[in-house]
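J.: Quick paste of what TrEMBL says about this protein:
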- Tyr117, His126, His189, Arg198, Thr202, Arg204: 2-oxoglutarate binding site (BINDING)
- 265-280: compositional bias 'Basic and acidic residues' (COMPBIAS)
- 108-207: domain 'Fe2OG dioxygenase' (DOMAIN)
- 239-280: region 'Disordered' (REGION)
Amino acid sequence: MKGGADDMWEALQYETISDFCLQRNPVKHAGLPTEVLTRHFLQNWGAPYKFAVPASSKPFKEAPQSILAGLNKAKWAGKIAVQQMQAITKGGLTTSAQCKSVSEKFTDFNELLSLGYMENDKISYHDDGEDTLGPTVATLSLGSPAQMAFCIKPKYTDSSKKTDILKFSFRHGDIVIMHGTRIHQMYEHRVEPKGKRRFALTCRNIILDTLNKKTRHEAIEKGALPDITPFWDYPKPGQNTELGDIETQGLQSVVKKPSGKRTRTSKDTGHKSKVRKTEA
């Protein structure tokens, strides 16, 4: 697909050797002989984001088209994931109660953190639970495969040891959606690449009302989106409901016939979907 994961991967490799500013930032003892840098390279785009380490943010108008393409694809996946979650919880397809931290509507992203990993680079346990963030976080993975793991925060367990309770692999072009703020309050996650080189484009919504006047103005200005060329735009013409058609049709058939046995089909299980959801 033109402007898809393969093209983003190729473009990012070229753009990172030009004026992309993807770099390692100090995580300990900044400016001192004992300075320690992050195990990954990073650059933030759009609204300022309070990451674990200091990171300046560039406006989207200065971002390469491949970055804007990643943002558009993450928005599409986030919106679809939230819609499908609502269809499942309200359609009687699960006995689980919906957490109050899970919003019913998707909020557009206004920030993107680009991370670059080389061989043996990784990001340790952390959460995206800053009080300035909206309920949805989407990560697009490009390049080498990686493994993502979740653990319950020690304060919610009887042990100080962090033990994985959920672990899965994701590959080139996969998108992971985390929806609901409680997942960041109770859990931490880590990512370990399994190859030579990988890019992760993680998108969030920075809540403007939580920022002071100066930072809010900066967020609005840097979060403004420029035009994107048709090559990089997403979804493509005719693909607007690609995932929705595949999954929603199957879900609707279940909602209309809640009783009786039925055979699971690819429409019901969503095998064609590359979107992976992690719900609070």
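Our numbering is plain: 1 for the first residue shown, then up by one each step along the chain.
Quick reminder: no glycine exception, Cβ is built from N, Cα and C everywhere.
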J.: Let me spell it out: for each of the binding-site residues (Tyr117, His126, Arg198, Thr202, Arg204), count the other Cβ atoms within 10 Å of that residue's Cβ, using every protein chain shown. Which one has the most?
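T.: Buried the deepest by this measure is Arg204.
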J.: Looking only at Tyr117, His126, His189, Arg198, Thr202, Arg204, the residues listed as binding 2-oxoglutarate, what is the longest Cα to Cα distance in Å?
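T.: Result: 20 Å between the two most distant Cα atoms.
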J.: Which residues of the same chain, at least 6 positions away in sequence, have a Cβ lying under 8 Å from the Cβ of His189 (2-oxoglutarate binding site)?
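T.: Listed in sequence order: Tyr125, His126, Asp127, Met148, Ala149, Phe150, Cys151.
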